[in-house]
Amino acid sequence: MKLLAITSCPNGIAHTYMAAENLQKAADRLGVSIKVETQGGIGVENKLTEEEIREADAIIIAADRSVNKDRFIGKKLLSVGVQDGIRKPEELIQKALNGDIPVYRSATKSESGNHQEKKQNPIYRHLMNGVSFMVPFIVVGGLLIAVALTLGGEKTPKGLVIPDDSFWKTIEQIGSASFSFMIPILAGYIAYSIADKPGLVPGMIGGYIAATGSFYDSASGAGFLGGIIAGFLAGYAALWIKKLKVPKAIQPIMPIIIIPVFASLIVGLAFVFLIGAPVAQIFASLTVWLAGMKGSSSILLALILGAMISFDMGGPVNKVAFLFGSAMIGEGNYEIMGPIAVAICIPPIGLGIATFLGKRKFEASQREMGKAAFTMGLFGITEGAIPFAAQDPLRVIPSIMAGSMTGSVIAMIGNVGDRVAHGGPIVAVLGAVDHVLMFFIAVIAGSLVTALFVNVLKKDITASPVLSETAPTSAPSEAAAANEIKQPIQSQKAEMSEFKKLTDIISPELIEPNLSGETSDDIIDELIQKLSRRGALLSESGFKQAILNREQQGTTAIGMNIAIPHGKSEAVREPSVAFGIKRSGVDWNSLDGSEAKLIFMIAVPKESGGNQHLKILQMLSRKLMDDNYRERLLSVQTTEEAYKLLEEIE
């Protein structure tokens, strides 16, 4: 039986790839052929072809954002949230094997299909689709404004102010421009999720009107609440017009003229004459109330936000709190996102610390999992805690909620602010956090509370326990990729080269099973020489400078005895990877304290597409998350054995 699947989450960093990995592993265990297309932060990967869709027996979509299903009309289709793809992959595949899923007709014709959509909660899915496109605008705007204020701001009684004639004023204005797109993008892509392309224009127009109070005589706009209302109103108006029966002569112009024009008029006039002013008043009152919160009321809000963020670790409850904090950034209230930014990273960091402090409480594989979780927490990826919660929810979930609530309260009391819609120490390092010292105190305190709670609640492991197979540890790619995508992704078109697997860009000549270097610099030189002898480099010194520049930004040792030094340089002739093993290990300033033993060096030409190195990082880390695979790779003795194992990375 042949199955196909698509996975996608609002942010496209963690859940997308965890669900894909779990579906693939579950299919392997059940002896079923499956291909998984991922629609993540760097675009569509492993795209399903028309021939594959034609030959498939069933399709599984595990997504929390809108996925175009038109290509699956007439096929058996199971549509669920991405969390089900992570936690219940075998159950989903078993349903497909049993034929217990409906045939997809269209978004409007299939009753059973609509029933399936209701189970997935379409309102949440449409909302998260808008959020996923909105967040990059908040991140770009917040980072640019934070950098401009940090480097160009002058202290005044009103705080940091950038002089009008300063270069940094231009940077601040670019950041503000990014913020101005936030609500139109949110509304536009909510409508797009509901009505496809005909909903995009009316959604964006409605979002712009919602954000511009002058349309309805309001001093302030209707904010993100107005954007959400505009998105749903535009989407369902477009969908309603789309369903109207019209003469065949008019059908060709329906999606490009009739639907966008009339849906835009409906949402625009509704906001100007009916909705805009009342919603603006509600939003203004909410903003004033939040800004005026003091004492016990602000602590209560912090407790609620901390609990929501950690309760389902990237799920629907988490996303509602995250959306609230993100929206407040656009209104200039950074002290809501501050406690959220702290709460986001506490679950994975706290559990990583727990595995270090309570070694008798965790299996060796779980301790390795803890290292990966800790690393992911540094980059604000809450999902690193999911494997622990899946194995022991009754002890882990209360512990991480207690830690996140503690950290959020400390952050709220300390007036911690965050100008970027993201969390974890990475945002503090990038200068996006106000009151950095209190931020780190809150993170450390909350993480220690989580670690202590978990270790108090958990019993010592038995001599040789058998662990049930659950969701695997999240890929180190999320930590590596999060570090790489902290700058805005310029394009999701992802100019990828032809390589489909690692051995397309690595040859036996680029493998050294017994590295001789004693320091990280020695290892870098050794691998660069291999690349040079293979003809991959135009200049050894030029490429080494690119590698060292990258290391200065932060270590490329991602933990679990892995280092992935990489550089994009004019000194590189073609994309290549060199690999070496240092059996005794070498200090690489790893985030989890482990020495690097498996070293992959990535070389990419400067003029290549912006996502090539991210694709290679994902290829590597998806496989390297497998404890057994890393052990097998460390045990190879010859170049041939290593190359054969590397053939599995694709």
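Any Cβ shown, glycine's included, is placed from N, Cα and C.
Among the features that Swiss-Prot reports, domain 'PTS EIIB type-2' is placed at 1-98.
Every protein chain considered, the tally of other Cβ atoms within 10 Å of the Cβ of CYS9 (active site, phosphocysteine intermediate) stands at 31. Swiss-Prot lists CYS9 with the feature active site, phosphocysteine intermediate, giving similarity to another entry as the kind of evidence.
According to Swiss-Prot, the feature domain 'PTS EIIC type-2' maps to 123-456.
The annotation transmembrane segment is assigned in Swiss-Prot to 133-153 (among others) on the grounds of sequence analysis.
Same-chain neighbours of the transmembrane segment (174-194): 65-66, 125-127, 129-134, 137-138, 140-145, 148, 200-208, 210-211, 221, 223-224, 226-228, 230-232, 234-236, 238-239, 263, 329-330, counting only residues six or more beyond its ends whose CB sits under 8 Å from a CB of the stretch. Residues or ranges marked as transmembrane segment in Swiss-Prot: 174-194 (among others).
The transmembrane segment feature in Swiss-Prot is assigned to 199-219 (among others).
Annotation comment: Swiss-Prot describes 221-241 (among others) as transmembrane segment.
Feature annotation from Swiss-Prot assigns transmembrane segment to 256-276 (among others); the stated evidence is sequence analysis.
Taken from Swiss-Prot, the feature transmembrane segment covers 297-317 (among others).
The transmembrane segment annotation in Swiss-Prot covers 336-356 (among others) and is backed by sequence analysis.
Residues or ranges marked as phosphoserine in Swiss-Prot (evidence: experimental evidence): SER365.
Taken from Swiss-Prot, the feature transmembrane segment covers 369-389 (among others), and the record attributes it to sequence analysis.
Marked as transmembrane segment by Swiss-Prot: 396-416 (among others). Residues 298-299, 301-303, 305-307, 309-311, 313, 335, 338-343, 346-347, 350-351, 354, 385, 388-389, 433-435, 438-439, 441-443, 445-451, 453-454, 457 of the same chain lie 6+ residues outside the transmembrane segment (396-416) yet bring a C-beta within less than 8 angstroms of a C-beta in it.
The transmembrane segment annotation in Swiss-Prot covers 436-456 (among others) and is backed by sequence analysis.
Regional average pLDDT for the domain 'PTS EIIA type-2' (504-649) in the model is 84. Annotated domain 'PTS EIIA type-2' per Swiss-Prot: 504-649, in sequence order, evidence recorded as sequence analysis.
In the three-state DSSP classification, HIS566 (active site, tele-phosphohistidine intermediate) falls within a strand. According to Swiss-Prot, the active site, tele-phosphohistidine intermediate annotation covers HIS566.
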Most Cβ pairs under 8 Å with the transmembrane segment (297-317), selected from 133-153, 221-241, 256-276, 336-356, 369-389: 336-356
Reduced DSSP assignment, CYS9 (active site, phosphocysteine intermediate): coil
Positions on the same chain near the transmembrane segment (221-241), where near means CB under 8 A and six or more residues out: 123, 126-127, 130, 182-184, 186-195, 198-199, 202-203, 205-207, 209-213, 254, 258-260, 262-264, 266-267, 270-271, 275-276, 279-280, 282-283, 286-287, 323, 326-327, 330-331
DSSP-assigned states of the domain 'PTS EIIB type-2' (1-98) in counts, ordered helix, strand, coil: 41 helix, 29 strand, 28 coil
Distance, HIS566 (active site, tele-phosphohistidine intermediate) to CYS9 (active site, phosphocysteine intermediate) (CA atoms, angstrom): 27
Same-chain residue ranges lying at least 6 outside the transmembrane segment (436-456) that approach it to Cβ under 8 Å: 306, 338-339, 341-343, 345-347, 349-351, 353-354, 357-358, 361, 377, 395-396, 398-400, 402-408, 410-411, 414-416, 425, 428
